[in-house]
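Heads up, the thing below is written out as structure tokens.
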Amino acid sequence: MRILGIDPGTMVVGYGVIEAADDELSLIGFSSLTPPASAPIPQRLAYIYKGLVEVIELYQPDEVAVESPFADKNIKSALAIGKAQAVALLAAANHSLSVTEYSPACIKSRVSGSGTASKEQIQEMVRLLLNLAEIPQPNDAADALAVAICHHSHRAFANITSQGD
């Protein structure tokens, strides 16, 4: 199964694609989309949408996983991220792809075993789980790979628990 993970944002959108075959994970590709910082939000969202459509058409994922915005103290930031998240959902839906959303705490827990893991710990786990020499850069792409790994872990656990029925 090929999984596209997306770390949404209006300044940078990270994406990462993994292939999951049994318990083996392999890296297919990763990068980020960086719309012009001076562009108004609608133009940045259009740039993100077009870029994600190109990513979907290039990598042909089976499923998409997207990080949900975290609204703690900065509601304005969470709302902006939510707009980028909606664009990611739309790009996937327009390609008839199944999309699952995950909270930051769920991603941390699935990737590292701790919902309170640091960004550095998550990035190191991504490196280890994908058997890479270095942590993927930019950070947004490493975060997107963590989203994809989380989705694989979630699906694997769901398959195990459903076999007992």
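From the backbone N, Cα and C atoms, a Cβ is placed for every residue, glycine too.
According to Swiss-Prot, the protein carries these features:
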ACT_SITE  Asp7  active site
BINDING   Asp7, Asp140  Mg(2+) 1 binding site
ACT_SITE  Glu67  active site
BINDING   Glu67  Mg(2+) 2 binding site
ACT_SITE  Asp140  active site
Where Asp140 (Mg(2+) 1 binding site) sits in the secondary structure, as DSSP reduces it to three classes: helix
Where Asp7 (active site) sits in the secondary structure, as DSSP reduces it to three classes: strand
Surrounding CB atoms that lie within 10 Å of the CB of Glu67 (active site), all protein chains: 25
